[in-house]
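Reading through the structure tokens given below for one structure.
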Amino acid sequence: MKPLLIGIAGGSASGKTTIAQCLKEEFEQTRSVVIIREDDYYKDQSEKTMAERVKTNYDHPFAFDHALMIEQIDALLAGQAIEKPVYDFVQHTRSTLTEVVEPCDVVVLEGLFVLEEPELRKRLNIKVYVDTDADIRFIRRLMRDVEERGRTLQSVVNQYTETVRVMHEQFIEPSKRYADVIIPEGGSNVVAIDLLKTKISSIISPNML
Ligand code: CTP
């Protein structure tokens, strides 16, 4: 049977990863669940210098290799294993490592453009948008990028004001209209996450997979 494909979109640092992880933990006792992060499909920039890489607009769809992502999603939906890229946020390019993902029952796709990109959207069985206020997202992003992604406070502020905020308003926020479920306040919304789990359980009853 075809795997169930769940898409989780939302702004940067809205809580997409937390919700994807909650779903994985809930269902992996009985089902094989994999999380595919759109971030891993950022284009390879190994031919560029670091100075050039820093200038990329990482919040525009052109920054991603969506063709490869769609090809690999289709392979998973066809019950095949994939060897997916792994992204290195510190080096701003694809890592030299890849990761093998085995065929599974449930695929959770999480990323900025999962609802915006029509070819991804049309494949989704459940479409989720994580709707977290911009001030909270900015604070989280600042802390995360400094602690985990090797950034300075000033670089995070510059990137946010020059590209992240503008692209969010142009591409990400409007994609909310395509969602089946909108989760306010991201990963801390226990009731909304429970409702989502109940819906998924009803779909992945033994007859459906
Ligand atoms: N990004 C970056 N530098 C790169 C590549 C990406 O700063 N070399 C940033 C982009 O600006 C984009 C963000 O990474 O806004 C995408 O990741 P984000 O959605 O913030 O992280 P997730 O963990 O996928 O989501 P969440 O925080 O909602 O769990």
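Glycine too: its Cβ is placed from the backbone N, Cα and C atoms.
Record features (TrEMBL):
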type: DOMAIN; residues: 5-191; note: domain 'Phosphoribulokinase/uridine kinase'
type: BINDING; residues: G10, G11, S12, A13, S14, G15, K16, T17; note: ATP binding site
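In this structure, the binding-site residues that sit close to ligand 1, with a C-beta under 6 angstroms from any of its atoms, are S14, T17, chosen from G11, S14, T17. In sequence order, V130, T132, R137, R140, G186 are the same-chain residues whose CB sits within 8 A of the CB centroid of G10, G11, S12, A13, S14, G15, K16, T17, the residues recorded for ATP being left out. When the binding-site residues S12, S14, T17 are scored by other C-beta atoms within 10 Å, S14 scores highest. Annotation for G10 (ATP binding site): same-chain Cβ neighbours under 8 Å, separated by at least 6 residues, are K16, L112, Y129, V130, D131, T132, I172, G186. Neighbour count (other Cβ atoms within 10 Å of the Cβ, all protein chains): 25 for G15 (ATP binding site). The C-beta environment of A13 (ATP binding site), restricted to residues of the same chain at least 6 apart in sequence and closer than 8 Å, consists of T132, R137, F138, R140, R141, R144. Neighbours of G11 (ATP binding site), defined as other CB atoms within 10 A of its CB across all chains, total 28. Taking the Cβ of K16 (ATP binding site) as centre and 10 Å as the limit, one finds 31 other Cβ atoms among all the protein chains shown.
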